[in-house]
Amino acid sequence: MKALIVRSALKRATTPSSTKLLLGRSFSSESQPERKVAILGAAGGIGQPLSMLVKLNPLVSSLSLYDIANTPGVAADVSHINSRAEVAGFAGEEQLGKALEGSDVVIIPAGVPRKPGMTRDDLFNINAGIVKSLCIAIAKYCPNALVNMISNPVNSTVPIAAEVFKKAGTYDEKKLFGVTMLDVVRAKTFYAGKANVPVAGVNVPVVGGHAGITILPLFSQATPKANLPDDVIKALTKRTQDGGTEVVEAKAGKGSATLSMAYAGAIFADACLKGLNGVPDIVECTFVQSSVTELPFFASKVRLGKNGVEEVLGLGPLSDYEKEGLENLKPELKSSIEKGIKFANQS
């Protein structure tokens with residue numbers, strides 16, 4: 001009996017505390033099902049820190065890292081971290097299928113980041129083709145995986161993915177997500193600072209899309225309630241919408257919001273994995289096929305489950321300022337969605 005107690009104490013002591021701190025876990029991974037996660041674009045600015053953070057997640061048993069080059073080195077580095085996931089690196093298009101086979105979740109941060117002066121239209125011209133080709137491979141090699149789209153502009157790349165999957169006959173609207181978690185992360189951080197409350201307990205829904213004015217944080221629904229004045233709410237909204245530009249300018253041409261995006265991507269992937277594993281009441285904001293508004297895709301709170309999207313939740317009560325923001329964002333979001341659909345169907 002004594003030996004058993006010592007062994008279990010030792011197991012607790014050797015569970016990486018970084019994992020517990022990062023993802024709030026304190027249970028053993030031994031009872032968890034096998035889950036494979038593939039990251040496409042794993043050698044890039046978002047991909048590398050994202051690979052590390054996903055490696056720390058005890059729900060992941062297999063981590064597949066893919067990029068057009070340099071992935072074996074990233075995989076070797078990440079594989080030395082003492083956590084559950086077995087890591088494999090794949091480089092070049094000929095290895096893409098092997099990277100994807102058997103994946104439960106595919107995260108796509110592939111493409112180029114935004115640089116000073118670049119618009120999301122500039123990004124579209126480069127990233128749209130990359131996303132399209134990756135989605136063709138996903139449809140072939142892991143058609144049932146949950147797809148977490150990070151590559152910008154998300155307002156267009158998610159519709160591109162949907163069209164590719166429709167053409168392949170594999171589209172399931174419950175399994176395609178635009179990752180808007182960074183907008184939520186920023187809204188929580190900025191709100192906590194102004195409300196002078198601990199950020200760990202803050203929740204702020206963010207709806208709409210994932211670019212500029214299409215990002216609509218619902219501070220009227222934020223908890224804990226702080227009754228901030230209107231001018232502060234407007235400033236918080238603007239800062240949340242311009243968060244990406246703030247980082248691009250601060251880095252002065254040396255990069256974009258890669259680290260905070262990697263964190264947000266890892267947190268959303270964790271929510272998807274929990275849902276797949278049957279953990280109840282997993283609700284996060286994400287950009288999905290939706291009937292919440294007249295637009296075909298929209299970000300709102302979504303309940304995640306064993307098949308991906310379990311339920312797309314409504315917007316709830318909005319302030320007058322938020323109602324105005326909702327109407328203002330619709331034309332731009334509609335245009336971005338249509339641009340993605342048009343691109344996907346051109347060839």
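Using the three backbone atoms N, Cα and C, a Cβ is placed for every residue, glycine included.
All TrEMBL annotations are machine predictions without curation.
Among the features that TrEMBL reports, active site, proton acceptor is placed at His210. There are 29 other Cβ atoms within 10 Å of the Cβ belonging to His210 (active site, proton acceptor).
According to TrEMBL, the substrate binding site annotation covers Arg114, Arg120, Asn152, Arg186. Around Asn152 (substrate binding site), taking its Cβ as the centre, 24 other Cβ atoms fall within 10 Å, counting all chains.
The domain 'Lactate/malate dehydrogenase N-terminal' annotation in TrEMBL covers 36-178. Secondary structure by DSSP for the domain 'Lactate/malate dehydrogenase N-terminal' (36-178): 66 helix, 28 strand, 49 coil.
Annotation comment: TrEMBL describes 180-343 as domain 'Lactate/malate dehydrogenase C-terminal'.
Within 10 Å of its Cβ, the residue among the binding-site residues Arg114, Arg186 with the fewest other Cβ atoms is Arg114. Cα separation, His210 (active site, proton acceptor) to Asn152 (substrate binding site), rounded: 9 Å. Looking just at the domain 'Lactate/malate dehydrogenase C-terminal' (180-343), the mean pLDDT is 97.
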